[in-house]
Amino acid sequence: MAFVAVITSTTPDSFQSKTGSEPPLYLENLSLFWQIPAFCDDAIVIDQNYAKDRSKALQVHRAAKDTYTADIWEDRELTQWISGPEPFVLVVQGTSQSAERLEKFSVELVDYLQGRCPTVFLLSPLPGIFYEDSPSRADDILRQIAVQCLRIIPSSVIGNTPNDWLSFLSKTTALFQGAFHEDWFSSMETSLSYREQVYIVLDISILRHRFISALTWHAEFADLIDRLQSQKTDLRVMILTGRSIEQRFGATTRTMSVDMAPQSPPQIHNLSESEKISVSLPQSRKPQVPASLPASMSNTETTKETFDRNSTLSDLVRGNQKEERQNLAEGTHRSGLGSFQAADSGVTEGSPSSWFKNLTLKTHPAIYSSRSTENNSFKPIKIAVLDTGFAYTEEHDKKSLKPYMHRIKKFASFVEDETDLEAMKDPSGHGTAVAVQLLKVSLRAVLYICRVATSSKDGSRELFPDKEAVERAIKKAVAEPEKGGWGVDIINMSFGWAFDDHDGVRNAIRFARRQGVHMFASTSNDGLLGPPNDILYPSRAPEVIAIDAADGFGEYTRATASSVSSYGRGRRFSAPGTRLTSPHSAALYDGSSFACAIAAGICALVLEFARQPPLQASKTVQNSLKEMSAMIAILERMSAEKGPDRFKFLLPWTLLGKPGQPREFTAYCLVDELRNEFGLAVGSEVFPLEEES
């Protein structure tokens with residue numbers, strides 16, 4: 001075999017052959033033997049430690065070092081997974097707004113485990129070269145795990161003769177060259193059977209939009225755990241995912257949910273200086289987990305140490321609690337719920353302050369000047385906000401949100417067995433922040449708060465948009481007042497599901513569009529890690545305008561879904577969705593949820609302008625503006641894009657409030673856009689057509 005010359009040599013000088021025959025092979029560098037099967041067929045092998053260190057560096061760059069993770073460490077399921085008597089698969093299910101917390105926690109966990117026990121892991125994000133040279137199939141990831149398992153085989157256990165090793169390598173290399181899906185688990189079993197205890201930590205978000213191919217892994221790893229137990233190997237597997245997995249789990253699989261960080265951390269005592277320690281892991285609250293791991297985990301070979309080997313798990317995640325509380329209060333808040341689209345975009349993107357300054361100094365005077373509203377008490381635009389509610393039960397909320405309350409016309413919960421009073425509560429803060437963005441953009445619109453969020457079935461704090469509640473809310477919002485409805489003009493839906501699988505929601509959306517109601521929905525906050533359909537439903541429904549998040553200068557965030565998606569083409573826009581504020585919280589809000597609300601507010605500005613002189617006298621304009629194609633044309637007129645295949649960034653002052661442009665000329669420009677869509681008769685009541693001579 002050609003590779004023998006690389007990994008073998010003749011015996012040392014002290015060896016003397018008594019027979020005159022060739023001396024036997026003497027194996028060197030046994031710890032490098034794994035490279036032979038790993039690099040066969042020009043395959044790529046990820047340096048997982050480098051990737052982990054890179055993830056740490058990215059977290060520091062994105063200010064994620066202050067992200068709160070102490071509550072994750074306190075979860076009972078995590079304690080049992082680390083040091084409980086029985087091994088199992090732990091599926092850690094996050095949400096779009098907790099992705100950054102999961103990313104930080106996974107690095108903390110691996111740092112802790114590595115110095116104590118053989119640990120196999122792949123964390124997010126992976127280096128870009130992996131995606132360039134790999135189709136990113138599930139088997140590619142399993143191959144990387146199998147390589148790592150091969151690397152941790154103790155060199156002393158396979159055999160004492162070269163033939164034992166060469167035979168093992170020959171079989172392993174042949175397997176790696178032609179392995180199928182199930183072969184990777186067989187390879188892992190062979191490699192791990194030589195160890196007493198091993199941990200595997202795997203973030204399946206590295207599969208990006210092919211994550212569905214990993215949804216059966218929990219069952220396959222559970223089978224692997226059972227097989228290895230019969231061989232006296234304790235294997236514990238953690239699968240991290242940024243979304244809920246709606247599947248039945250076996251007895252060897254447990255789940256754990258991670259939502260956004262609590263809005264205010266628990267009250268805790270300050271540590272004395274003598275209690276503080278200096279470690280590389282971030283500061284957070286002392287977790288209630290065992291201070292040490294089982295003795296069986298100490299049989300690890302030399303591992304690169306990044307912290308004090310004598311430190312305990314409690315030490316590693318413990319720090320200055322006063323600073324932790326301050327960081328949580330002042331840092332970026334990934335608010336939202338499950339599929340309610342608050343984001344994992346880093347907070348380094350441009351501030352929206354310049355965007356709002358232009359809106360305030362240019363567009364608002366054009367819409368709300370004394371001339372435009374004089375002797376014209378136009379009917380306010382009605383907007384239904386389908387979300388988590390609006391916080392108005394606590395004294396702090398009542399005080400901070402008081403300037404907006406006169407424009408909240410209705411609180412209603414559409415969740416089964418809930419009263420409407422529940423819509424006045426919003427522990428997550430998501431719905432409140434969404435509503436505030438709407439109210440900041442449109443200064444006359446009135447809101448109908450529709451609570452459609454329900455708790456997950458596993459009893460966690462995580463909230464999800466309930467499909468039946470969404471259906472009921474849309475029908476109520478769209479129906480005319482004489483039929484018991486509200487007759488809204490706009491519906492804001494800052495949430496989404498991976499699949500369009502509910503006839504009731506689909507039919508309600510179609511009904512709303514037939515009634516001339518404009519609907520806006522957030523696309524996604526998972527970037528290329530999103531669902532196979534790229535953007536979520538209902539944003540990809542043909543009746544809905546899809547909104548992505550950008551920073552204050554129109555640059556798209558890392559969390560923006562693919563620009564090449566076939567969904568939403570032509571009706572997909574972006575608006576500011578980073579570092580947004582709300583008076584009820586000191587947090588900053590990121591995500592397409594809040595960008596969606598801003599876009600819906602811009603739509604309200606267009607409708608408000610049309611209800612003022614001179615256009616209020618034109619029925620053809622009023623009727624045309626109910627059409628989706630008309631609104632899209634006007635939004636395109638007031639947007640800009642930086643290059644091809646870029647979504648249009650909304651800049652309302654380029655049409656409404658353009659410096660030096662008379663109000664009548666703005667009205668004519670709007671009519672001109674409508675005429676391009678619906679013919680020259682539109683707006684003729686205000687701008688008559690010239691008679692042909």
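The backbone N, Cα and C atoms fix where each Cβ goes, glycine too.
Note that this is a predicted model, so its numbers are computed, not measured.
Per TrEMBL, the range carrying the annotation region 'Disordered' out of 324-345, 412-433, 522-543 is 324-345.
Comparing H430 (active site, charge relay system) with D387 (active site, charge relay system), their Cα atoms are 8 Å apart once rounded. DSSP gives D387 (active site, charge relay system) a strand state.
S593 (active site, charge relay system) sits 10 Å from D387 (active site, charge relay system), taking the Cα positions as reference.
D387 (active site, charge relay system) is surrounded by 32 other CB atoms, counting those within 10 A of its CB over all protein chains shown. Here the active-site residues are H430, S593, and the one ringed by the most other CB atoms within 10 angstroms is S593. Confidence for the domain 'Peptidase S8/S53' (381-612), expressed as mean pLDDT, is 88.
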